[in-house]
């Protein structure tokens, strides 16, 4: 009796499909996906195109930063334009921050730059407020967009790339169902995982979009501090603030701000470590109980004579 499987075209292959909760065998042939029940689905060309564009942008940013520096020069020109067009600059800066968040551009330079420009144009207080608003809105919109891209468009790419670098996040996937808001708030308060990376990784976890969005409030302490430092430099550069007492108070304010952010980050990290330890303990207990009970512990084995 032959045990060989039916022949298959070299242009076809079988693979599991994600997203249904079950492993469903599919066959891909000539750009059409056909599952075991005979339903046809189009090949995800759109997802592949979007993914290729985003990857291309990220590669260009990395190469440019190490070679020509065109992006850095463009940012400097953009910040100069904002200084002379404050209102339009707020909306433009929000849009740029939105794109930068999706494209993995480091946000710290933009955040400091926003404080510097708006602080120089409007003074320390109004400059910090306006810069913080523009940065927070742009970063929040970009974070939500990256979250949705990771969840619906680039799920496999994120799982195969970023998750391998930061496996601790996926280890807490079960906890996200119960404490998603709290855990992601801790991740925002403490830079355990880089800002741009956690946006995409969050998309493939079990956290709800609502909890993820509310947890973005954890970005505010660091955003305010960076904007304050940038606005201070901008105000000092334009001469709107001067005098030893003023400068001393600003330096003290920056130091106290750094200490406050450090303390918040420290305790957020400690709380996060507690959650990780608790999740690992629950996982170990679950595995131990499974090994003790056995696969068919509830099955009653009847003697052979009773079956006669």
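Glycine is no exception: its Cβ is also placed from the backbone N, Cα and C atoms.
Automatic, uncurated: that is what TrEMBL annotation is.
Computed from a predicted structure; not experimentally measured.
Annotation source TrEMBL lists compositional bias 'Polar residues' at 1-17.
According to TrEMBL, the feature domain 'VTT' maps to 105-231. In the predicted model, residues of the domain 'VTT' (105-231) average a pLDDT of 88.
Here TrEMBL flags 1-23 (among others) as region 'Disordered'.
The region 'Disordered' annotation in TrEMBL covers 285-308 (among others).
Taken from TrEMBL, the feature transmembrane segment covers 48-66 (among others).
Per TrEMBL, transmembrane segment is recorded for 86-112 (among others).
Per TrEMBL, transmembrane segment is recorded for 124-149 (among others). With a cut-off of 8 Å between Cβ atoms, the residues of this chain six or more beyond the transmembrane segment (124-149) that come close are 50, 54, 86, 90, 93-102, 107, 110-111, 114-115, 117-118, 195-196, 199-200, 202-203, 209, 212-213, 216, 219-220, 223-224, 226-228, 230-232, 234-235, 240-241, 250.
Residues or ranges marked as transmembrane segment by TrEMBL: 180-202 (among others).
TrEMBL lists 214-233 (among others) with the feature transmembrane segment.
Non-local neighbours of the transmembrane segment (245-268) in the same chain are 124, 185-186, 189-191, 221-222, 224-225, 228-229, 232, 236; each lies 6+ residues outside the stretch with a CB under 8 Å from one of its CB atoms. Positions annotated as transmembrane segment by TrEMBL: 245-268 (among others).
With DSSP states grouped into helix (H, G, I), strand (E, B) and coil, the domain 'VTT' (105-231) comes out at 109 helix, 0 strand, 18 coil.
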